[in-house]
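In what follows, a single structure is set out as structure tokens and then discussed.
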Amino acid sequence: MQNIFLAATLLGAAFAAPQNPPTSCSAAPQPTGTGSPGTVCGSTTFTNYTVKAGDTLGAIAKQYNSGVCDIAKVNGIDNPDYIKPDQVLSIPANCVTPDNTSCVKPAPVITNTCVLGVGSTYTVKSGDSFSAIATSFNITLASLEARNPQIPNYDLIFPGQVINTPLCPNSVCDSIGTYVIESGDIFYNLAQSNNVTVGQLESLNVNVNVTDIHPGDIIILPHNCHNITASA
């Protein structure tokens, strides 16, 4: 009987003891860039969001009533056009004054009419347009259209269709090899650091989803494609 009384006493004490307050699910995550709730776009809370394949900052900002540039600022994103699957973003939600313009650089004027070194064909993906493909190769739309007279309507292309891209004569790449994707890699950065275009990478990696690459994936990567200097 004494043991039963002692057990009941201990059980009651356990229930009466003060407990640590539960962690709030709405607590703001620590931003990886700059800013804090109340200082970015008038937001009072941050929400964590894990990027999925096909996501854009514009769509994410709209979903959370945020601003593209506000999200970019908080997460230290230099180029708001490029995010990658599984990237975790801190989103300043319900912005009072969303910023969608200050971080957006004006589109460069493209004057190139051919592609350097490699990438003579391109396989159309879902959502592609002739204009977007030309931009990905850093060539003019007119030059891409001129290379594909077999297509009756440039506004009507379909996934899997192979189109031609104009290659520059007397141009080469220093090397074309394989590369193992590392954490943090995206096609845009790989193209920039190897002096090629995203379109060229897509051309050489038809079966790779450029918005959904993972560490350990192997891609074909050209390096430093350029015009050949005429011999003296």
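If you go along the chain as it appears here, the first residue is 1 and each next one adds 1.
The backbone N, Cα and C atoms fix where each Cβ goes, glycine too.
What you are looking at is a predicted structure, and each value in this text was computed from that prediction instead of being measured.
Taken verbatim from Swiss-Prot:
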| type | residues | note |
| --- | --- | --- |
| SIGNAL | 1-16 | signal peptide |
| DOMAIN | 47-91 | domain 'LysM 1' |
| CARBOHYD | N48 | N-linked glycosylation site |
| CARBOHYD | N100 | N-linked glycosylation site |
| DOMAIN | 120-165 | domain 'LysM 2' |
| CARBOHYD | N138 | N-linked glycosylation site |
| DOMAIN | 177-221 | domain 'LysM 3' |
| CARBOHYD | N195 | N-linked glycosylation site |
| CARBOHYD | N209 | N-linked glycosylation site |
| CARBOHYD | N227 | N-linked glycosylation site |
Residue numbers, six or more beyond the limits of the domain 'LysM 3' (177-221), whose CB comes under 8 Å of its CB atoms: 53-54, 79, 81-82, 84-86, 115-123, 125, 133, 136-138, 165
Candidate glycosylation sites N48, N209, N227, pick with smallest Cα gap to N195 (N-linked glycosylation site): N227
DSSP three-state assignment for N48 (N-linked glycosylation site): strand
Nearest recorded site to N48 (N-linked glycosylation site) by CA-CA distance, among glycosylation sites N138, N209, N227: N209
Number of Cβ atoms other than its own within 10 Å, given for N209 (N-linked glycosylation site): 14
Under 8 Å by Cβ from N100 (N-linked glycosylation site), counting only residues of that chain that are 6 or more apart: G58, A61, G67, V68, C69
Among N48, N227 [glycosylation sites], residue with fewest other Cβ within 10 Å: N48
Sparsest Cβ surroundings (other CB atoms within 10 Å) among the glycosylation sites N138, N195: N195
N138 (N-linked glycosylation site) and N227 (N-linked glycosylation site), Cα-Cα, nearest whole angstrom: 15
Secondary structure content, the domain 'LysM 3' (177-221) (per DSSP, counts of residues): 14 helix, 8 strand, 23 coil
